[in-house]
Amino acid sequence: MEKSLLFLFAVTLLSVGCTDAGESKGSIHKEKERSKRQALKHLTVTTIMEQPFSMKSESGMEGFCIDLLSELSQSLGFNYTIKEVKDGRYGAKDQDGNWNGMVGEVLRKEVDLAVAPLTITANRERELAFTKPFMQTGISILLRKEDASENSFLFGFLTPFSKETWIGILVAYMVTSLCLFLVGRLSPCEWTELSTEQNNFTFLNSLWFGAGAFTLQGAEPHPKSVSARIIAVIWWIFSIVLVAAYIASFAAFLNSDSVQTTNIQTFEDLVNQRTLEFGTINSSSTFQFFKNSKNPTYRMIYEYMDKRKDELLVKSFAEGVRRVRESNYAFLGESVMQDIMVAKHCELARAPQIIAGRGYGIAASIDSQLIKQLSIAILEQTESGNIEYLRKKWWDNTCSMKRSAGWNPVQPHTLGGIFLILGIGLALGVIAALIELVLKARNNADQQKKSCCSAFSEEMGERLGTNKENQGAVDSVKS
């Protein structure tokens, strides 16, 4: 009996202990969740004034990052206070090894988050925790168009037509001149005096007549026969269409972005030229990239900027853009932000080459519990298309109505119809000349009582000069 009571007492104590342990574990878990919610309840956020990511407005701040932060706060249920970074910098180590800018404020825990176009780099990743990138970017060259076009090629006037089109035009010109010369020889109406065996359309005259059509003025000699006039009319139509297409294409070329694609298209081109100075933001991730790079070209860029640091490096992106617009200066920076300036300022252009692909992320202290939740929320915003919507909202291209974004030289297939009409016209002209010659031969045959074939052969011989050669051979034999 005593053993039974002891057993029941032990079981009771054990069950009570397990219950207390379970309750304590549950309370610990609830306490952690409560602390997370409290951590997300109100956050202090730092940003930097950079169009169109963050900008001051009458109501406070606006921009891509401001809208993104608002979406994240609604998704995760937190409030925030946003302020501008004190020193106006993104964040880099100074000579004493201390971080400045937004990175420094996060490290010193003056703020909870840095929401800005803050590039994710290895050095920053060692000190901070970053979310998944909300935007991808790289390094490129921002130029002024007149600087970009300064060394444009000498034969730019040939650009409205492609090489194949120019070859086709040259072939058409030569074939038309040859057909005009042939018709001038065959058609009886083109011969001034048959006895002198002279006609107006020699080969040189045919070339001159064809070239004159491009001036829309015409040139002598004027065709007299129906066959020559057919070729002349078709060639004039061809020339008018060609000149109109050239003028339209050349105007589109001058008014398009294609005029900016010149010698400075890569970083190698930038290093090899001597016209433009170039630089970037001091202590920025772009500057650090060139500093740490082992690529010979990139090392040359770093050494050039480092030697004249006070002259070439700027304090902000806005200052870099201003120098590009006002002086012979090329600005090295984030391609995404350069595209914004190109869309806003029509006189600017960005080089095609983009290097050092990287992303923009939200930064927090390395022990922060927020990064995981923020990363998931950013991925949700990306998958839902909201990030793309915000980008279109703030990346408004004010130059799209002022210039043609796309331009291509005229290709042969574009003018295929007029080439076909020219070919048909040339064929009709030659056939008409042969008909004229046949009619002349038939008339001579009736008058001279000869067969049509022999009369046609004589006419052909007179046109081509073979009769004179045969007559000369006969005279030499007789002598």
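These residue numbers are counts, starting from 1, taken along the chain as shown.
Using N, Cα and C of the backbone, Cβ positions are placed for all residues, glycine too.
On a predicted model such as this, the values are computed, not experimentally measured, just so you know.
Topological domains recorded in Swiss-Prot put PHE203 on the same membrane side as ALA441.
For the residues ASN200, ASN282, Swiss-Prot attaches the annotation N-linked glycosylation site to ASN282, which does not rule out the feature elsewhere. Summary for the glycosylation sites ASN79, ASN282: the Cβ-based neighbour count within 10 Å is maximal at ASN282.
This prediction places the mean pLDDT of the topological domain 'Extracellular' (18-163) at 81. ASN282 (N-linked glycosylation site) falls within neither a helix nor a strand when secondary structure is assigned with DSSP, and so counts as coil.
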